[in-house]
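Following: one structure in structure tokens, then a few remarks.
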Amino acid sequence: MIHMLNAAAYRVKWTRSGAAKRAACLVAAAYALKTLYPIIGKRLKQPGHRKAKAEAYSPAENREILHCTEIICKKPAPGLNAAFFKQLLELRKILFPKLVTTETGWLCLHSVALISRTFLSIYVAGLDGKIVKSIVEKKPRTFIIKLIKWLMIAIPATFVNSAIRYLECKLALAFRTRLVDHAYETYFANQTYYKVINMDGRLANPDQSLTEDIMMFSQSVAHLYSNLTKPILDVILTSYTLIRTATSRGASPIGPTLLAGLVVYATAKVLKACSPKFGSLVAEEAHRKGYLRYVHSRIIANVEEIAFYRGHKVEMKQLQKCYKALAYQMNLILSKRLWYIMIEQFLMKYVWSSCGLIMVAIPIITATGFADGDLEDGPKQAMVSDRTEAFTTARNLLASGADAIERIMSSYKEITELAGYTARVYNMFWVFDEVKRGIYKRTVTQEPENHSKRGGNLELPLSDTLAIKGTVIDVDHGIICENVPIITPAGEVVASRLNFKVEEGMHLLITGPNGCGKSSLFRILSGLWPVYEGVLYKPPPQHMFYIPQRPYMSLGSLRDQVIYPDSADDMREKGYTDQDLERILHSVHLYHIVQREGGWDAVMDWKDVLSGGEKQRMGMARMFYHKPKYALLDECTSAVSIDVEGKIFQAAIGAGISLLSITHRPSLWKYHTHLLQFDGEGGWRFEQLDTAIRLTLSEEKQKLESQLAGIPKMQQRLNELCKILGEDSVLKTIQTAEKTS
């Protein structure tokens with residue numbers, strides 16, 4: 001290699017060092033061409049060609065995709081586009097609901113700190129030049145004075161630097177608090193927390209959006225404001241200072257300014273061409289994080305069932321699969337950042353540094369204020385020190401300005417990442433708002449057109465959503481359904497056009513096979529599911545109380561379990577005391593847990609402390625506490641003994657509570673006056689309940705079931721006896737005669 005360089009240098013009459021430098025430049029240029037050409041070429045390809053190529057190689061079965069998937073694909077990918085600015089402006093209304101807010105105060109303080117740091121940087125740059133001038137002039141007294149000033153200015157400078165970080169964190173926390181408050185208000189309004197999971201399918205993991213996405217968005221906005229505001233101020237003020245200094249010395253600032261603009265423009269174009277789609281990458285990473293968290297929470301919620309089935313291997317594989325998908329996405333982002341940051345550093349550190357030296361040198365060399373050709377040695381020495389001061393000051397200012405421009409251009413990556421978080425947070429609020437207004441969209445699997453469905457199902461094209469045409473009217477007395485169908489969130493009609501009326505004092509027994517719509521009716525009456533057609537007259541929610549088969553045990557004391565969802569203050573406002581609660585527990589045969597668990601103020605994990613029957617009796621105790629006009633009982637005493645169950649129902653009737661009960665126990669029929677029976681095929685009937693006749697029919701049904709259950713065993717034994725005796729059965733002879741006739 002050395003001999004080749006020597007020969008080449010001799011042939012073209014270059015020095016050996018010059019040839020080595022040119023060879024290094026050629027190698028660097030070749031590497032840059034190899035790195036940048038595929039990226040730029042990919043950008044210049046026609047989108048139509050890519051689309052045709054993708055369609056040509058896509059399998060036929062994959063071309064039939066869901067309409068909802070097509071809608072998602074048509075949405076612009078998160079990035080620096082009009083959709084991003086629109087979403088950011090909408091979120092700004094939440095962050096700054098009015099002019100004078102806590103967030104505005106923190107923002108103003110943060111801005112003052114950023115401006116102060118810029119002026120301090122300019123002052124320190126000038127002070128550095130004066131210190132260097134005193135060294136060149138060999139003035140120790142001046143040097144010591146300037147050095148003391150430099151140390152003194154370090155005190156406010158370090159405070160401002162620390163204040164900038166502190167105020168940035170406070171601003172991010174204020175943004176997060178504002179977003180969380182608004183999100184919680186929307187999430188818990190009009191039972192959105194239930195509907196967004198069970199009625200709508202656009203948010204797979206709302207907990208991820210409510211926690212991680214809001215936090216990352218708030219931090220990104222605050223950090224980006226700091227990373228953009230100060231650099232812009234630095235560029236403006238340092239440019240003004242440099243131009244003013246050059247003009248005062250008789251130098252023209254036009255050349256360096258044009259060079260700086262050209263370099264910045266070229267760098268911006270190259271970085272934009274090479275920049276990956278960080279917005280889409282970050283949004284996908286957040287989605288995979290949320291799904292991994294969802295799988296973990298799903299295992300925790302079903303840990304007992306998984307342990308019984310010994311399904312830990314399957315669940316572990318599922319977790320590993322989700323984690324590997326997340327790790328792959330994170331590695332993809334890291335690899336793209338590696339090459340992008342390498343190109344960014346090469347352009348902004350080395351290319352800009354060389355251009356910066358040229359920009360500093362040109363004004364000093366061409367300035368008439370520094371000419372020293374005809375001066376004596378004394379004035380010439382002064383001119384040298386002035387040049388040194390000017391060069392040092394200009395270099396520091398230029399370095400500060402270059403660093404500011406570098407941060408501005410580096411912020412492009414942060415802006416695209418912010419676009420990903422903005423899209424997820426905005427989409428969360430958008431879905432919450434639509435669900436709150438009764439607009440639901442589900443992502444379901446489309447079935448083939450020739451797929452046969454049972455008669456009761458409602459077939460809808462996936463491109464449409466079910467129109468909510470029903471009306472709900474709050475009344476003081478009675479529950480009336482007029483042509484109200486029971487339709488599941490998936491669009492399946494399980495019962496059509498219900499018509500019945502339950503007045504105060506009536507007690508309705510609801511029966512039917514599994515999946516016929518019994519619990520679904522309670523969801524409609526409670527407002528969880530919408531009324532798609534007809535008219536529903538019902539009391540306000542405070543006059544209706546729903547008790548499920550597995551009552552929810554809240555976090556808190558024993559008192560909180562009885563009065564849920566009221567608080568202790570609400571209980572006192574209603575005029576209840578602990579003695580009243582004791583009487584309620586006596587009526588449901590649950591008073592013993594007060595002494596057993598340590599009194600009303602005992603705080604435990606009640607879902608593990610109470611047995612299944614005790615939880616159900618606690619649910620009935622809540623009914624007696626709230627005293628509703630109507631109680632919706634969904635097999636809420638299936639784990640309670642029959643004698644205690646009967647006493648509780650009798651006490652509820654004595655308290656004037658109208659019962660709407662789903663139960664399979666015949667012992668509870670006598671506490672009801674009317675019957676609503678579903679047939680499981682979309683039909684139903686509503687009639688007055690005659691308990692005696694129904695019990696007689698039930699006994700006859702059970703007798704026939706027991707008799708028919710023994711027929712297969714009797715037939716098997718008869719065949720065995722026929723084989724042993726070698727004879728035919730009389731029944732077989734009769735059946736043969738019937739076939740021949």
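Glycine residues also receive a Cβ, built from the backbone N, Cα and C atoms like all the rest.
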Quick one: which of Ser58, Ser252 has phosphoserine in Swiss-Prot?
Ser58
With Swiss-Prot as the source, which of 144-164, 165-185 is set down as transmembrane segment?
144-164
According to Swiss-Prot, one residue among Asn190, Asn450 carries the annotation N-linked glycosylation site; which one is it?
Asn190
Mean of pLDDT values spanning the domain 'ABC transporter' (479-705):
89
Cβ neighbours within 10 Å, counted over all protein chains: which one of the recorded positions Asn190, Asn514 has the most?
Asn190
Count, for each of the binding-site residues Pro513, Gly515, Gly517, the other C-beta atoms lying within 10 angstroms of its own C-beta, and report the residue with the smallest count.
Pro513
DSSP-derived class (H/G/I helix, E/B strand, else coil) of Cys516 (ATP binding site):
coil
If you take the centroid of the Cβ atoms of Gly512, Pro513, Asn514, Gly515, Cys516, Gly517, Lys518, Ser519, the listed ATP site, which other residues of that chain have their Cβ within 8 Å of it?
Val494, Ser520, Phe678, Gly680
What is the separation, in Å, between the Cα atoms of Pro513 (ATP binding site) and Asn190 (N-linked glycosylation site)?
31
